[in-house]
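Written out below as structure tokens is the structure these notes cover.
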Amino acid sequence: MRAEPKKKKKADPKRDQVVRDRLRKKLKKLERVPPELIPIDDFTPSPKLMEESRIRPTPKLSEDEQERRALLIKKWARVKQEEHEAEQRSIETLLEAQRKALDELRLESEELYQAAVRCDLSLFPLEHQGPCNTAPIPKYNPPDGKFNDITQVHVQH
């Protein structure tokens with residue numbers, strides 16, 4: 001019974017034809033009326049912002065100033081690269097020291113090494129307890145707002 005497919009109900013061809021005709025009529029109505037586009041005010045800039053008088057001319061820089069700025073950019077790039085490389089070196093030395101310490105620990109005791117390498121699951125997830133509710137603000141007047149309460153109340157009989 002479970003593997004046997006369900007028998008299909010015989011559909012009335014006239015009823016199917018009526019449903020198809022209704023759908024065709026709805027489609028024809030939708031095709032006749034062009035969709036109404038909703039204007040979005042946020043995307044249309046104000047005409048005042050597009051005026052020619054608001055365009056600022058780019059300042060003309062002397063060749064000395066252009067050269068000074070280019071050298072400053074190169075110097076800043078060099079400083080940041082050296083900073084990055086120093087950070088990478090410090091991380092590598094820390095990892096190397098950790099690896100050496102673990103190797104020495106393994107030579108001393110395999111049990112201590114396994115205990116040191118084991119993950120401590122008590123560290124995460126971090127559980128923090130604090131006040132659940134904040135104290136009410138004295139003399140606070142909440143804004144008046146109108147809303148329709150649509151919460152459903154279920155009563156058990």
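Each position is counted from 1, following the chain as shown.
Quick reminder: no glycine exception, Cβ is built from N, Cα and C everywhere.
Note that TrEMBL annotation is computational and uncurated.
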## Note on the structure
Students should find that the region 'Disordered' stretch in TrEMBL, chosen from 37-66, 67-96, is 37-66
### Task
Could you break down the residues of the region 'Disordered' (37-66) into DSSP helix, strand and coil, giving a count for each?
14 helix, 0 strand, 16 coil
